[in-house]
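Data block below; observations after.
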């Protein structure tokens, strides 16, 4: 992958200071160079920021006092704050996180062998997928780098402080929260770079996953920027159904989307040659055995594993959750074709933290112009 510098939209705070959470390592080194310091100082500060979740320059004991004073004058480390916490009976935690005067939601999902953090990339979403609660709230804006990586930072700080209670440290990050990550590449990519950086959170590229509904030009662009695990929100075995439930399919149909996925796989080491297919199970919409046969035929040339996701309801939604028996029959058809097929266990649905339930603030649904502009950015690659 090419080492392409991605410039954040805006890295200064209201008081004119640089928020260091907005900078990846290359940018951090440039920042310290401008201060007249050696590049290794950037590495030292990043280690304090991400290995120890430190946001106080005075606590960085291997930084000399003069430099600490200089940093306090021109920079800060400001992660978004948690304004509400909900805990599920299954151990899942959902945090409402303040980003300016709005909120996004971040979900911590502990399991026996890992702990996954589901991170948001936008306030709301422009894509209007019919089965997703986030999409029904409309689109407001992109999150900055500091607001994306800040979700990981804040969660890591909370979990780190709670080690005595047995909470597992974050081992995986999935860009599957609110928003379409590929419509915010300029901020999502630097945030993921920090997740992967040894002086950042040091995660393996196989443990950072980006999920997309199919913004094809941006997916091609992503392949030249960074290598992470890829999950695609397919949800339908044919264009007729997908046009209805995932409207971006009218711009980039399934064939076009899967071709872009295969191009990404050719460049990627993180995916080990196959992609994760996400398929939400909607009762008598896309969950029949005939749909399973169609899906198997559709994916025969795309190396993949398939996650079947029981749909999680929200008020006013026109769908129902597929029965366990229908999901089981669907899964067995796919496995008969040789596909690795997993029925995802629903986590956090009692606190509306499950897949498709994140909403954050309710946003004025009349903001159609903003949503159409964002959909236009999916077409104009210069705007993505």
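Positions of Cβ are set from backbone N, Cα and C atoms, glycine also.
Note that the structure is a prediction, hence the values are computed from the model and not measured.
Swiss-Prot annotations:
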type: ACT_SITE; residues: 105; note: active site, proton acceptor
type: ACT_SITE; residues: 355; note: active site, S-methylcysteine intermediate
type: BINDING; residues: 125, 129, 132; note: [4Fe-4S] cluster binding site
type: BINDING; residues: 179, 180, 211, 233, 234, 235, 312; note: S-adenosyl-L-methionine binding site
type: DISULFID; residues: 118-355; note: disulfide bond
type: DOMAIN; residues: 111-350; note: domain 'Radical SAM core'
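Rounded to a whole number, the distance between the Cα atoms of residue 118 (disulfide bond) and residue 180 (S-adenosyl-L-methionine binding site) is 13 Å. Cα spacing between residue 125 ([4Fe-4S] cluster binding site) and residue 179 (S-adenosyl-L-methionine binding site): 4 Å, rounded to the nearest whole number. Closest to residue 132 ([4Fe-4S] cluster binding site) in space, going by CA atoms and restricting to the recorded positions 118, 179, 234, is 179. Ranked by Cβ neighbours within 10 A across all protein chains shown, the binding-site residues 211, 233, 312 are led by 233. Looking at residue 234 (S-adenosyl-L-methionine binding site) and residue 129 ([4Fe-4S] cluster binding site), their Cα atoms lie 11 Å from each other.
With the fewest other Cβ atoms inside 10 Å of its Cβ, the least crowded of the binding-site residues 125, 129, 234 in this structure is 129. Residues 179, 180, 211, 233, 234, 235, 312 are listed as the S-adenosyl-L-methionine binders, and the farthest two of them sit 19 Å apart at their Cα atoms. Neighbour counts were taken as the number of other C-beta atoms within 10 angstroms of each residue's C-beta; across the recorded positions 105, 180, the minimum falls on 105.
All chains included, 25 other C-beta atoms sit within 10 angstroms of the C-beta of residue 235 (S-adenosyl-L-methionine binding site). Between the CA atoms of residue 235 (S-adenosyl-L-methionine binding site) and residue 129 ([4Fe-4S] cluster binding site) there is a gap of 10 Å. Nearest to residue 312 (S-adenosyl-L-methionine binding site) in space, judged by Cα atoms and limited to the recorded positions 105, 118, 129, is 129.
The recorded positions near residue 105 (active site, proton acceptor), taking a 10 angstroms Cα-Cα threshold over the set 118, 129, 211, are 118.
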